[in-house]
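Below is one structure, written out as structure tokens, with a few remarks after it.
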Amino acid sequence: MRHINFLSCPPPVDLPGQWPFIKMHGLQNYFVIVDRRDGSKSFDHEDIVRICDCHTGPGGEQLLTIEPPSDKGRNVGAYAAMRIFNIDGKEVGACGNATRCIAYLLLEETGKDEVQIETKAGVLHCRRAGPMQISVTFGPISMDWRRIPLSREVDTLHLPVQSGPLKDGLALDIGNPHAVFFVDCLELFDMAHHAPVVQNDPLFPEGINVDAAEVLDGRTLRLAVWERPGILTKACGTGACVAAYAALKRGLVTSTRIAVHLPAGLLKIEIVNGDMAVMTGPVAFCCHGFIEGGKKS
Ligand SMILES: N[C@H](CCC[C@H](N)C(=O)O)C(=O)O
């Protein structure tokens, strides 16, 4: 099998334990990517924190690893698996922008137009949608309080949590948890002040990604996302999917094709079959190089 050629040049110095990485971004949501399919590399929490911090590593909003698929995943057509780690070292279930980046690498590796990637959020179907544009199908989106998870049963269409204009939100699961709030104007409040209040509410035992959406018209949203563990990112793919779904649920949009404008640009979301979201957006390369590795597994 031909794997991605991460680097065509050797490391600048011959240090043992240097591992190749690629850094990519999806709408300025940026990732350090390491191929673990040869089984020779493993990371602990401290390694992940070090790699994601730009003072001690390449810097990323997540560390992504490419893994061999499980037997179960392979049986349903997964070509590879991916794992996603937040900057605090915790593994999470889904990341829309990251999935586009990994899909791009795997599509280049295979020379195909479609690929299936196994994740904690299921086996995701990904396809080329234009030059440096990838579509990924996520779902089903769930509003079941146990799946999100919440610490107790509440109406997930009308959350009993609020801070400033973040009120009457919805809670959703798309492989990771989100609370979506519709606001009148994104500029008129301090997201970095109010979103952490929601994120750290005891209703969310695993924390939650906080999405503030402004409806521009029946097919257009603006979105700001305060992600776990506490970053205001320039874009969030899963956030765009759940915001589009939530807007439909609330009757705030009329189209199932919704343009979601994030601080770094546009994601196109189409809600299909009621609870699936097809997200289309760009990928880009930042740089590649070598990182001080973690422990050998
Ligand atoms: N930026 C990602 C979401 C990362 C979510 C992660 N921060 C979590 O804790 O669930 C996206 O494009 O979907």
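Along the chain as shown, residues are numbered 1 onward.
The backbone N, Cα and C atoms fix where each Cβ goes, and this holds for glycine too.
The substrate binding site annotation in TrEMBL covers Asn29, Gln62, Asn86, Gly96, Asn97, Asn176, Asn209, Glu227, Arg228, Gly237, Thr238. The active site, proton donor feature in TrEMBL is assigned to Cys95. Per TrEMBL, the feature active site, proton acceptor maps to Cys236.
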> Which number gives the other C-beta atoms within 10 angstroms of the C-beta of Asn97 (substrate binding site), all protein chains shown included?
Replying inline: 33
> Any idea what the Cα distance is from Thr238 (substrate binding site) over to the residue listed as 'active site, proton donor', rounded to a whole Å?
Replying inline: 6
> What's the CA to CA span in angstrom from Cys95 (active site, proton donor) over to Cys236 (active site, proton acceptor)?
Replying inline: 8
>> Would you identify which of the active-site residues Cys95, Cys236 has the most other C-beta atoms lying within 10 angstroms of its C-beta?
In response: Cys236
> Under a criterion of Cβ-Cβ distance under 8 Å and sequence separation of at least 6, what residues of the same chain contact Asn209 (substrate binding site)?
Replying inline: Asn176, Pro177, His178, Ala179, Gln199, Val225, Trp226, Glu227, Arg228, Cys236, Thr238, Gly239
> When you look at Asn29, Gln62, Asn86, Gly96, Asn97, Asn176, Asn209, Glu227, Arg228, Gly237, Thr238, which the record names as binding substrate, what is the longest CA to CA distance in angstrom?
Replying inline: 16
> Using the Cβ centroid of Asn29, Gln62, Asn86, Gly96, Asn97, Asn176, Asn209, Glu227, Arg228, Gly237, Thr238 as the reference point for the substrate site, which residues of the same chain not in that list have Cβ within 8 Å?
Replying inline: Glu61, Ile84, Val92, Ala94, Cys95, Ala98, Val225, Thr233, Cys236, Gly239
>> With every protein chain in view, what's the tally of Cβ atoms within 10 Å of the Cβ of Arg228 (substrate binding site), excluding that atom itself?
In response: 20
>> Most Cβ neighbours within 10 Å: which of the binding-site residues Asn29, Asn86, Thr238 is it?
In response: Thr238
